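Data block below; observations after.
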Amino acid sequence: MSCNHVTLVKPALLLLVWQSVWSLDVPLEIRQPPTIVKQSMKEHIVDPKDTMVIECEAKGNPHPMRSGTLDIYAWNDPEQYEAEYQCIASNEYGSAYSHKIRLRLYRAPVWPREILEPVVVSAGLPLVLSCDPPPGPPKPETYWMSSCKCLCTSSPVRQDRRVSMGVNGDLYFSHVLFNDSTADYCCNARFPYKNVIQQKMPVVVKVLTNINLTNHSRTVAEAAPTWLSPSGSSSSTLVLQGEELLLECIAAGVPTPRITWTRDGEDLAATPRMRFKNFNKMIQIPKASFEDVGEYVCAATNKIGYIEHTITVRVKAAPFWLEKPSDLVLAPEENGRLVCRTDGAPRPTVAWFVNGEPIESDTPQPNRQVSGDTLSFRSVTAANTAVYQCNASNQYGYLLANAFVNVLHATPRILGPSNELVKVTEGSRTFLDCRYFGSPVPDLRWSKYGQGNLEGNRFRTHGNGTLEIKRIQIEDQGTYLCVVSNIAGRDQSQVRIEVKEPTLIVTRPQSMKVIRGSDVRFECGVKADVSTPVTTTWMKDKKLLSLGWRTSMDESNLVITNVNRGDEGNYTCVVKSELDQKSASARLMVMDRPSPPTDLELSDPYERSVRLSWVPGDSNHNPITENLVQYDDDDWLPGKWRNLSTYPGNLNSVILHLQPFTYYEFRVIAINEIGQSRPSRPSKRFQTSGAPPDVIPKNVKGVGTWRNNMEISWEVTETWNGPHLKYLVWWRRRDSREEWKNATTKWLKYYIYDADTFTPYELKVQAVNDFGLGPESPVVIGYSGEDRPLTAPLNLRVSDIESTQVTLHWDLVTRNSIKGELKDYKVYYWRDSSQLRWLRVNRGMRSQAFPDTGPEPSGVLAGLVPYSNYKMYIVVTNNRYEGPPSNNIHFSTPEGVPSAPSSFRIQQRHLDSIYVDWDLPAEPNGIITGYSLKYQTVNATRGEELQVEEFPPNVTSFSVRRYDRYTRYRFSAAARTRLGIGEWHTEESPHYTTETYAQDQVDITTQGWFIGIMCAVALIVLILLAVCFIKRSRGGKYPVREKKDISLEPVDDKDQDGSFDYREEERGLQRGQPSTEAMMKPSDSDDSLVEYGDGGEIQFNEDGSFIGQYTGTRRDVRELDFGGSLELHSPMNTIYSLA
């Protein structure tokens, strides 16, 4: 146990893996042997490019020599330092040794730059691609990639039951397929020490395929299972206890074999300690134990055969501790022992050392005795002070432990602080520390207020001096005294306890499952000691929750508004005081529309189908009920997605039924109760292969558009199934022996010419494209064109003439003369006049069609007006034309009952009476013989009976006296002829509830205002007559110049000397007062100076008087501006003009 000579320097600040060694807590001011407190791992890996550091820290009094961090600087030849190191910490009381530290150099992992030849293998045979990564240290992690030549296209090799990576890093193919040759393969290794990834040179796999000469398809021969790893029928493996156990079985075969496992004849199932991985090809036990020993049998099965392999598992164990030796502090003449109890498989051997030297070579001490794994001391002396090492080893490892024996006298002392104040919560477990030291070991006693000894019931004193109080209560509050003593002295310390009420969460948050967009409130009710302040915080997924505009606190409760998927997680209410902390958690699950599906893949393409597979998105806590598959088949306007079909939500691979010769893109939408997901990314564009048309043309028909042709038409859906879609049209005459004729067209119509009029043909149509003929449509009958009928129906006559209808009869028309299909017989008729000579009628023509009813055709013409004279004629029609009309016939309808009286009016002319009147019916339908009037009160309390009044035809009014002004009546009036009473007209009188309204309804001739107006009008007429009389008595003529200021006066064209004769005006006045409109409309010779205000040539006499004969353009009076001459509309202005 020596240490290589190296230079000790100040510890560097490097992050290293080290192992702590715990020792008895002896105050450092007490003399003591050294103790190693930190050292590097047994397997210590360093980078030679950096400073190589080995940790070794120790404590002791005096401070140990030769301990500390070991720094190795080796720039030229670092390999010389790759060895085992052991650190020794020494002082005058002994030497402590570290375990042996193996220093290993990290070497940059480099694969040899070799050119790998392509691997050629036939389809169906197994294949193993070796990895062989650089060994490390440490051992690398391996994985395989494909398409390695370009990082942008490389991707992990997809592993399944057929293709998988073994424990040794090799890639195993149970059998190869043709698709395995589409890319190269490369092994990658990740070295965790520097997190470096190295890639091996890619290897190309070429797969030879066998072609079936019958159907020209690739075939793979079936093969029974064989083992690729491990080989043979049995093997064994050894694992150390606590290490990872991996059992692997990989088989070849076609179809891919399935792997099953048994142990000692019983089937194996996954447990928390044991997992099945790599598609059941591997068993992983993270920490092996002796209970894993046994025989494991893996079986490979396919439909061709069955094989087994037995793996015997043995478990060994490196030495491990059962009881580790502890440091001893003894007073002289005391006894003690060191125990080094270990176990392992095989059982380890134990050796004792003193200060690093075998105990056998040390100076013998009579009070020291070795007995197996125990070292005993009796009546120790200072000579027994040393560091003792225990070494337990077997073939799989060793254990090394240091423990010192320190013999001394020491006065008792309490190491911790004194006079502490401890605050605790009621009901908690409380620990009062009293760390002490002394030699010999002091006695310790706890008391409350210095009285008694606290031990038993709820009090317990631990070996390190700590007093434990279980379920502390309010009455336990007070001052506690810790006293330690031995023969060398005594020491004490006191602790004061305050007991508080515990903090409680009385209302705990509840887990919730809500829909996105909802508001959430987590309750967290708190109860705490009044003298202890508490703070409430919320955490989400063990991280402090930051509050914002959507997340807030209401007292100690958490409120989240408009939750979204990001709010999902575990929420914890943390209530903290200076004494304790309580928490309560709840989970929030946000239900939302599903996440979109991903990784759409197409496989198994055929003419009319393809398999679509996808990876389902997250259901977001609401099960996916269905998946909607949409497609886009438009090359010109992409993005027009249409629904193809829906599938159950538990499917992620479906067969899609498609149309041949069509480009498709697909996308999938997942649906749950919340709604639809966003559409997935579209799949790759895919085209189905072509096929003959499979659609049968529908609605095939032949119709003539002219007398000697036929239009053959049909309907199809746009399913071409291939390029250059056309239609093959077939036709022949019905009931003939002629061969079918055909023609090809790309349209949905075809015309046959030079056909006889209205001849039947047999027709059929079928679609055709470059891949072949489609199915034929059923044979239908079509007819060539129709012509005008040649003759009119004869012998049109009527019978059973009634007031509103008449029965018609006529003779049949021969089929040949119709020149087409008989559609119907059409009668044209009109009401020529009424038998009431004074009644004007509408002579509009009407028509009615009658179907062919057999050898004696007839029909009823309804909707006629009674007591009228009618004319009519009849024609025969086919589908295109009407034939010539027959001769007109006349008939008259007899009397009928009249329609309801027209213009029915209800008035109230006096407060105590209601007046009704009416007019003749719009359609008398005969000679009116009288009227009937029924009336009855509708709101009187006395309930009068219905009154009926009869009137002769010349009486059309009636007056009824009211009981009071609130009484209302319902009137019904009807006219009658000789045939009976006609339609009734019913109406109720309005509400007459106020006198003002009633007065408005009385005769205006009795009103005072009306009499006053009439008197004023009579006075004006008398004044007018007086003025006219005065003018007439003056007589004669006078010059025009005296009248030239009066506009719009009539001028006599015959009066050439400028005079005016009033006798013409007098004669006009005798004919009556003209209207304002007549006064404003001049005669042909009337005019005025105003019409010539805009210019023009105007003639005057020599004395300046106006000439009666005008020149220039006349304008209509409606075009003149009457802004200053509106007084012409007033009759008073006319009077003043005449004056």
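Note that Cβ sites are derived from N, Cα and C of the backbone, with glycine treated the same way.
Annotation source TrEMBL lists compositional bias 'Basic and acidic residues' at 1049-1069. Per TrEMBL, domain 'Ig-like' is recorded for 112-204, 225-314, 319-406, 412-498, 502-585. The annotation domain 'Fibronectin type-III' is assigned in TrEMBL to 596-691, 696-787, 792-896, 900-996. Residues or ranges marked as signal peptide by TrEMBL: 1-23. The annotation transmembrane segment is assigned in TrEMBL to 1009-1030.
Assigned with DSSP, the residues of the domain 'Fibronectin type-III' (596-691) fall into helix, strand and coil as follows: 0 helix, 44 strand, 52 coil. Predicted-model confidence for the domain 'Fibronectin type-III' (696-787) is 91, expressed as mean pLDDT.
The stretch in 225-314, 412-498, 596-691, 696-787, 900-996 that contributes the largest number of Cβ pairs under 8 Å to the domain 'Ig-like' (112-204) is 225-314.
Secondary structure counts, DSSP: the domain 'Fibronectin type-III' (696-787) has 0 helix, 48 strand, 44 coil. Note on the domain 'Fibronectin type-III' (900-996): DSSP counts are 2 helix, 52 strand, 43 coil.
Remark: secondary structure over the domain 'Ig-like' (412-498) totals 3 helix, 49 strand, 35 coil, with classes taken from DSSP.
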